[in-house]
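Asks: Features from TrEMBL:
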{"type": "DOMAIN", "residues": "13-148", "note": "domain 'MARVEL'"}
{"type": "DOMAIN", "residues": "153-297", "note": "domain 'MARVEL'"}
{"type": "TRANSMEM", "residues": "44-66", "note": "transmembrane segment"}
{"type": "TRANSMEM", "residues": "78-101", "note": "transmembrane segment"}
{"type": "TRANSMEM", "residues": "121-142", "note": "transmembrane segment"}
{"type": "TRANSMEM", "residues": "154-177", "note": "transmembrane segment"}
{"type": "TRANSMEM", "residues": "192-218", "note": "transmembrane segment"}
{"type": "TRANSMEM", "residues": "225-246", "note": "transmembrane segment"}
{"type": "TRANSMEM", "residues": "272-291", "note": "transmembrane segment"}
Amino acid sequence: MESTGGPYLNTAAVTSPVGIARLLQMTFGCATFSLVAHQGGFSAAYGTFCMFVWTFCFAVTVFIIACEFTRLHSCLSLSWGNFTAAFAMLATLMSVTAAVIYPLYFVQVGCYPIGCQVRDFRIAASVFAGLLFVTYAAEVFLTRAKPGQVTSYMATVSGLLKIVQAFVACIIFGALVNDSQYGKYVATQWCVAVYSFCFVVTVVVVAFSVTGKTALLWFPFERSVVIYTFGAVLLYASAAVIWPVFCFDSKYGSPHRPGLCAKGKCPWDSQLVIAIFTYVNLLLYVLDLAYSQRIRFVSHI
């Protein structure tokens, strides 16, 4: 009898360059959170965030490998190419953040007071965390859209930028809730509205692309995304002017960091972080607008 199992398995899912990168992601991710959980240890919100990143990325990567190897992804109501491209970009951003945060807060040169064994485990975990970031970045590089290639929207520069924009907005929101005092003026409240509106719409664009539902909309999705991106550039440009004026001008705020501000609990620090990442997101939306003129949406890939 002929085996009926062979044709249903996709060996390219683990032997292609992208498949090998995903296997390395699974290996490095498992090694990282295992080292931390076994002996390295973590604490506070920073450590919890790092552990969440490593376990979340590991679980989704295993899911992707399993679905592609068994070809079960064809049974899912997802645009698989958009989903994997979006996750790879998100995992790259999350893993590089964790790879910076964990050694910054938990790794030390000396053994006292944690002991040499714990220190060594933390150093090893930091090394694997860095390798994990490299493998996710490699997947983004391998799967990105090439010039003239018909591919998923999320694999294009514009699609990848959508993930980065949403990630940067999350950093802004984190600084906003950290006693940024944005409620003092209507102008700064307007900036928060800009950040929130652009974040929500960007997430909606990503969601429609990943689920492959863009063709079901009654309006032209491609043109609407370009129009929204242009509007987001204008909105972020207004926030890039308003926020620094009402936070760092001597008439409304303080141009210098107050000397009595406690480290980690200073509104001025949060305001500075928001200002910096406002300009970062403004640049990202400008780049997005430029690249969106050169792509075509393919919702079924």
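Using N, Cα and C of the backbone, Cβ positions are placed for all residues, glycine too.
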Asks: Using DSSP, how many residues of the domain 'MARVEL' (13-148) fall into helix, strand and coil, respectively?
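Replies: Tallying H, G and I as helix, E and B as strand, the rest coil: 113 helix, 0 strand, 23 coil.
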Asks: Which range out of 44-66, 121-142, 192-218, 272-291 gives the transmembrane segment (154-177) the most CB pairs under 8 Å?
Replies: 272-291
Asks: Take a look at 44-66, 121-142, 192-218 and tell me which one has the most Cβ pairs under 8 Å to the transmembrane segment (272-291).
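Replies: Counting Cβ pairs under 8 Å, the winner is 192-218.
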Asks: By DSSP, how many residues in the domain 'MARVEL' (153-297) are helix, how many strand, and how many coil?
Replies: 110 helix, 0 strand, 35 coil
Asks: Mind checking which residues of the chain, 6+ beyond the ends of the transmembrane segment (44-66), have their Cβ under 8 Å from one of its Cβ atoms?
Replies: 13-14, 19, 22-23, 25-26, 29-30, 32-33, 36-37, 72-73, 84, 87, 91, 94-95, 97-98, 101-102, 105-106, 129, 132, 136
